[in-house]
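See structure below.
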Amino acid sequence: MVLIRVLANLLILQLSYAQKSSELVIGGNECDINEHRFLVAFFNTTGFFCGGTLINPEWVVTAAHCDSTDFQMQLGVHSKKVLNEDEQTRNPKEKFICPNKNNNEVLDKDIMLIKLDKPISNSKHIAPLSLPSSPPSVGSVCRIMGWGSITPVKETFPDVPYCANINLLDHAVCQAGYPELLAEYRTLCAGIVQGGKDTCGGDSGGPLICNGQFQGIVSYGAHPCGQGPKPGIYTNVFDYTDWIQRNIAGNTDATCPP
């Protein structure tokens, strides 16, 4: 009964935000070339595989499950086939994953902090996105973006990033859809109650931006993508700001919150 009440309230919230929402990431609209200056594309020997967020000239935040033994990061990218004059490529110098992470659980502390081998220079298509100053609230309008699949079942990867607006949902919605989502995991639940808008395969590690603040990291979701009862699950960035700042300051022994 409680869940039915939650879903009813969220549907009302969703309808109130409908006019603010763009088209779908899945089957939807190309991002404006100037709205993702902080978006990082991860490539390895097989090609593009994850996204990330530039938070200052030397540091990138992504998902822990995007870790790979051999990868590069490209910034200033829009089309993967058309070179921007200010694109920059970097290698990871150091990688930080929560030392108290349970490696058998992808949803547990799914965050990775990367120090670049060389600072990034701000340019027309490159600029960092600051860490959040406050936590997000349920009902917030959130922006998702990435080069992930734009079709929900058979993966179709675009050359350009796609964007959409979704809403931050009550955590109970995701707990109902994902029995494996434990209450202690520091995650956010975001999507559309009636389905159809979602991040998908290849969007992992990219940002969830709520009311202009970097609040989440694409972590986990259902297949096919875009199912209303199973919204996307995002690592809650605000809960890790202290850990991020301590590592940037040189305290590499810092532990993440439990």
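For all residues, glycine too, the Cβ spot is worked out from N, Cα and C.
Now, the feature entries from Swiss-Prot:
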| type | residues | note |
| --- | --- | --- |
| ACT_SITE | His65 | active site, charge relay system |
| ACT_SITE | Asp110 | active site, charge relay system |
| ACT_SITE | Ser204 | active site, charge relay system |
| DISULFID | Cys31-Cys163 | disulfide bond |
| DISULFID | Cys50-Cys66 | disulfide bond |
| DISULFID | Cys98-Cys256 | disulfide bond |
| DISULFID | Cys142-Cys210 | disulfide bond |
| DISULFID | Cys174-Cys189 | disulfide bond |
| DISULFID | Cys200-Cys225 | disulfide bond |
| DOMAIN | 25-249 | domain 'Peptidase S1' |
| SIGNAL | 1-18 | signal peptide |
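Nearest to Cys31 (disulfide bond) in space, judged by Cα atoms and limited to the recorded positions Asp110, Cys174, Ser204, Cys225, is Ser204. Distance from the CA of His65 (active site, charge relay system) to the CA of Cys163 (disulfide bond) is 22 Å.
Cys50 (disulfide bond) has its Cα within 10 Å of the Cα of none of the disulfide-bonded residues Cys174, Cys200, Cys210, Cys256. If you take the Cα of Asp110 (active site, charge relay system) and the Cα of Cys210 (disulfide bond), they are about 19 angstrom apart, rounded to a whole number. Sequence-distant neighbours of Cys174 (disulfide bond): residues of the same chain at least 6 apart with a C-beta under 8 Å from its C-beta are Leu181, Thr187, Cys189, Lys230, Pro231, Ile233. Sequence-distant neighbours of Cys256 (disulfide bond): residues of the same chain at least 6 apart with a C-beta under 8 Å from its C-beta are Cys98, Pro99, Asn100, Lys101, Lys109, Ile111, Tyr240, Trp243. Shown in sequence order, Cys50, Gly51, Thr62, Ala63, His65, Cys66, Gly148, Val218, Ser219 are the residues of the chain, 6+ apart in sequence, with a C-beta less than 8 angstroms from the C-beta of Ser204 (active site, charge relay system).
Over the domain 'Peptidase S1' (25-249) the predicted model carries a mean pLDDT of 95. Following the DSSP three-state reduction, the secondary structure of Cys210 (disulfide bond) is strand. Least packed by the Cβ count within 10 Å, out of the disulfide-bonded residues Cys31, Cys50, is Cys31.
Counting only the Cα atoms, the space from Cys200 (disulfide bond) to Cys142 (disulfide bond) is about 16 angstrom.
DSSP assigns His65 (active site, charge relay system) to a helical segment in the three-state reduction.
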